[in-house]
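Asks: Annotation source TrEMBL lists domain 'G-protein coupled receptors family 1 profile' at 37-286. Taken from TrEMBL, the feature transmembrane segment applies to 20-44, 56-74, 94-116, 136-154, 193-219, 240-257, 269-288.
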Amino acid sequence: NLSAVSEFVLVGLSDAPEIRLLLFVLFLLIYLATMAGNITLLVAMSTDSHLHTPMYFFLGNLSLLDLLCPTITVPKMLGALLLEKKEISFAGCLFQQFSLIAVVGTEIFLLAVMAYDRYVAVCHPLRYLSTVSMKLCAHLAVGTWAAGVLNSLLHTSLVFTLSFCGPNKIQQYYCDIPPVLALSCSSTRGTELVILLVAGVLGGSACVVTLVSYGYILLEILSRNSPGTWHKAFSTCGSHLTVVCLFYGTTICTYVRPSSSYSLHRDRVISMLYGMLTPLLNPIIYSLRNKEVKCALRRVISRV
């Protein structure tokens, strides 16, 4: 594909000088807090033997994804806010989009695997360690990362084999699929249909696994009908369920819809929710609601 466009321009969040500095400080603080929270969680889970279990193995993968997601987009956005350097090369835009979709796709599959893990923990607690072995955990983790990368490879190749020969201003602070498609001078109808179909099948499958797992958990809770069952189940699944609702809600609103419903200001806000706030909140949600994680963090801090 010989494209006439050699670089794109990221419009960013604001052109007003007085707002740009304020946004730079705000997003820099959020980014640093996200890095600190997820790195601390990773250190605690890797160094504390009490957390060497399947649940925390998957949580470690989630923290790694939450480190990668803002790192792909936020530094470029901070550079645009502070230095007004909004240009990104064609290859850089391709790499940014590929990396972001790979991370988002991997996280969707990982959340489905974590839902299955919670189902086994609640419905088959005596067989939990034998069913969800570390070998199976490793295979599932590799599978989620591979599925995310392959899904991203398909989406990115569909978008960047189109022709770009006119406007090059991306109405977003990073290279996302809807605003990049809007700049193509080729017909994008077929590409949009394929992207929606693939996203619907893969994302829908992960969503079904999550819903079925929690459906069985709910049936198990109702069948036991004991006073402490609801509290125990909520303490086991509450953090994961909160993260699932937060992540699925924002990603579905952003990606699973046609570009005709694309709204500039609304989509910027939504993309910041899953791109910046979700990675920030995930370690907080898991650490505040989990006694084992809090104890591990205290032990790490005391050693430091």
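Using the three backbone atoms N, Cα and C, a Cβ is placed for every residue, glycine included.
Help me see these features in their spatial surroundings.
Replies: Beyond the ends of the transmembrane segment (94-116), by six or more residues, the same chain brings 55, 58-59, 61-62, 65, 68-69, 72-73, 76, 88, 140-141, 143-145, 147-149, 151-153, 155-156, 159-160, 174-177, 180, 202-203, 205-207, 209-210, 213-214, 240, 243-244, 247-248, 251, 255, 274-275 to within a C-beta distance below 8 angstroms of the stretch.
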Asks: What parts of the chain pack near the transmembrane segment (20-44), using Cβ distances under 8 Å and only residues at least 6 beyond its ends?
Replies: 13-14, 51, 59-60, 63-64, 66-67, 70-71, 74-75, 77-78, 81-82, 276-277, 279-280, 282-284, 286-287, 293, 296-297, 299-300
Asks: Same chain only, please: residues at least 6 beyond the ends of the transmembrane segment (269-288) with a C-beta under 8 Å from a C-beta of the stretch. Say none if there are none.
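Replies: Long-range Cβ neighbours of the transmembrane segment (269-288): 27, 30-31, 33-34, 37-38, 40-41, 59, 62-63, 65-67, 69-70, 73-74, 100, 104, 172-174, 176, 239, 242-243, 246-247, 250-251, 253-254, 294, 297.
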Asks: What mean pLDDT does the predicted model reach across the domain 'G-protein coupled receptors family 1 profile' (37-286)?
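Replies: Taking every residue in the domain 'G-protein coupled receptors family 1 profile' (37-286) and averaging pLDDT yields 84.
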